[in-house]
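J.: Next up is a structure, given as structure tokens.
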Amino acid sequence: MERVIFPNRPALPTPTLTSNPNNPPRIKLNSITLPLHPNSPSSTPSSFPLDSLLHHLLHSSSPPTTLNHLHKDAEFENGSLEFMSCKGKSMLDLIVEHPLATLNGLFDLRKSELVEVDLAGLLKGLESSGHWEKALILFEWVAANLNSHKGNKLDNQVIEQIVRILGKESQHTVAAKLFDKIPLEGYSLDVRAYTTILHAYARTGKYQRAITLFKSLKQKGLSLTLVTYNVMLDVYGKMGRSWDKILGLLEDMKSNGLVFDHFTCSTVIAACGREGLLEEATKFFYGLKSQGYTPGTVTYNALLQVFGKAGVYSESLSILKEMEENNCPPDSVTYNELVGAYLRAGFYEEGAALIDTMASKGILPNTITYTTMINAYGKAGKEDKALDLFHRMKKLGCVPNICTYNAIIGMLGKRSRSEEMIEILSEMKMNGCPPNRITWNTMLAACGTTGMQTYVHRVFREMRSCGFEPDRDTFNTLISAYGRCGSGVDAAKMYEEMIKVGFTPCVTTYNALLNALARRGNWKAGELVVRDMKKKGFKPNETSYSLMLHCYAKGGNVKGLELIEKDIYGGRIFPSWVLLRTLILANSKCRALAGMERAFQELQKHGYKADMVIFNSMLSIYAKNRMTDRAHDMLQLIHENGLLPDIVTYNSLMDMYARGGECWKAEEILDELRKAGAKPDLVSYNTVIKGFCRQRLMHEAIRTMSEMTTRGIRPCIVTYNTLITGYASQEHISMKKPWNLCPRSEMSISLLMIDLRKGLCPLYRIKCGHDFSRCKYQYYFQ
């Protein structure tokens, strides 16, 4: 895949510049913007403070294994350990007294005694006394030293006991690694132990290991329980592309006389949600109801999640109505899913209003509710609203958890708001909420910016040094981060390493690859990824199609856009809010006016709400095409949807008037922007300067540039090129040959050149005066 998707480019030789003594030296371009006026405020963007962030992250992190877990200081009466022999109790006391680091040495010294002790009872005693980590070290020592001693074999009860201990402590990662080393095929454990191991494999993403073990259990003729089947349904649901396998398991359960419970139903429906199988979920749910099944809140919530993920909020409201009609009370999870459905359909304020609705019904919003909203605000670029909500939840007594903190860190990382990230990490440490693997994954994602691949390397290295081994999500994050950094080779290496260590690629993995390709506009390689995806049984989801649309748009392939459009409008791909929104943006990027307007009509037809990104994209196209009436229609729609124009909106309007020769109207829009409380940016001023220059009003253009620098915004190469073009146009001089300018224009340009020498220069060679040999203004620029 690496050769096809991420081809290595040959390194081109660096051109060498030779100096010619007959030519004046050329000015070196060293930045995009020029120095400010001496009296103007300035701000220098700081580099990404990775050292500070890592310092806080390293000192707050604790290893994922809980070997430093606080033990219970419990005292046991003799009666609590009656199942142990005197030798066993004596050995137990000895182990409890020794630190973890010295236990293997102790076991080596007491090897002969350990052979005679009831090991299962000793493990149980260690667990009962709150020392499960020591039980694990004892088991690992026994497996390594006594398992082959004189042909001895680990006792089934010893294995069952350690499985029970690790399951009780939710040490799924530890259990999965442990039983990767022990050939379970040679043992006959009880169903409960096997089910616990299957659950550990499911929780750690080792789905193939779980499937292999499950098949061996069926071959042994073991009587499998409902819980065992439910765990396997969860395995197939998380693994993806397994709907046929899920149906097969359900038939097995029926043939074995097992009755579906709420966990069975919710797990199957949740699997449909992951795959975007809306029809299958609906058919399964109402099929169960027709057979007499009475769904509970858990099952309804699972169905809500299916439609909520697709952003079909209207169907979500119908499910809520059905719950109320069937006297099935909604809980906090129900409302959390409704909030998610509103947000995925673009209804941010309506989703936030549901928090008050919950409170009015006596259901307090929980951490998940607030985290869902914070995530949505972050994705929509509304960081300040997300932070306001974060402070509000804390003020109302809802304690943030690790997921909330991770959402905030991820949101701030995307905007490089590093100081606030450090504050959040400090708050996590102060509140006893140590960073977890997802926090590190979030930091990796935050470093996924062009040119920051060395930061990704370093964060990954520090992550492993803290004991966090990469899981499948980590590899997916790394693939995506390297792709955003523009390092396709590293992204491909991560994909290969992921396969090598035994993780199965999923839809998220393929989407990470597509993300890397979309940024380069490599739609041919993107099509190969989608083809490979389908070949291996994966169903592309809305993210996959959205990334392909971006791929086609960046590569300028309008026909590719039209192919996906046909499938969406033809009903073969569900027209979610995300997909229709992406269609609008992709067509806008390609300046495909008809395709953009058709997608916008479909968005409105499905009852979705447009956001500012959609409105600004459409308004920008209308402005560039001087479609003034349509642009004003968009402006009206912005207000009708309860939104306020932002700086992008104003810049587009200014551009429209500047292009149309209405330079004074463009300046009026600039004044409106300031009155609205927004801060004009470099684009705003450049647009107004361009409008004045086109009308040869150079005095007004210079006045605007002066105002810009006074407000702390530095001119860039575009600013100066626009001004010089304006002066040249006063004399009707062609830009394709050396200029002959009047003294007034010469003086104006010379003043510009003095500033230009401080930082940048225009991309033109300028010749002043009628007699070039006598001209006192000679400038050569590259």
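Just so you know, glycine gets a Cβ as well, placed from its N, Cα and C.
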J.: In TrEMBL, which of 1-24, 49-72, 145-168 is tagged region 'Disordered'?
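T.: Among 1-24, 49-72, 145-168, the range TrEMBL annotates as region 'Disordered' is 1-24.
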J.: What is the three-state DSSP composition of the repeat 'PPR' (261-295), stated as helix, strand and coil residue counts?
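T.: Across the repeat 'PPR' (261-295), the residues distribute as 27 helix, 0 strand, 8 coil.
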J.: Six or more residues out from either end of the repeat 'PPR' (225-260), which same-chain residues have a Cβ under 8 Å from its Cβ atoms?
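T.: Contacts with the repeat 'PPR' (225-260): 191, 194-195, 198-199, 201-202, 205, 207, 210-211, 214, 217, 267-268, 270-272, 274-275, 277, 280, 288, 293, 504, 506-507, 536-539.
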J.: With a Cβ cut-off under 8 Å, give me the same-chain residues at least six positions beyond the ends of the repeat 'PPR' (506-540) that come close to it.
T.: 1, 4-6, 239-241, 275-277, 472-473, 475-477, 479-480, 482-484, 486, 488, 491, 495, 498, 547-548, 550-557, 560
J.: Could you count the residues of the repeat 'PPR' (296-330) that DSSP puts in helix, in strand and in coil?
T.: 26 helix, 0 strand, 9 coil
J.: For the repeat 'PPR' (261-295), what are the same-chain contacts with Cβ under 8 Å, counting residues 6+ beyond its ends?
T.: 226, 229-230, 233-234, 236-238, 240-243, 246, 250, 253, 301-303, 305-307, 309-310, 312, 326, 328, 539, 541-542, 574
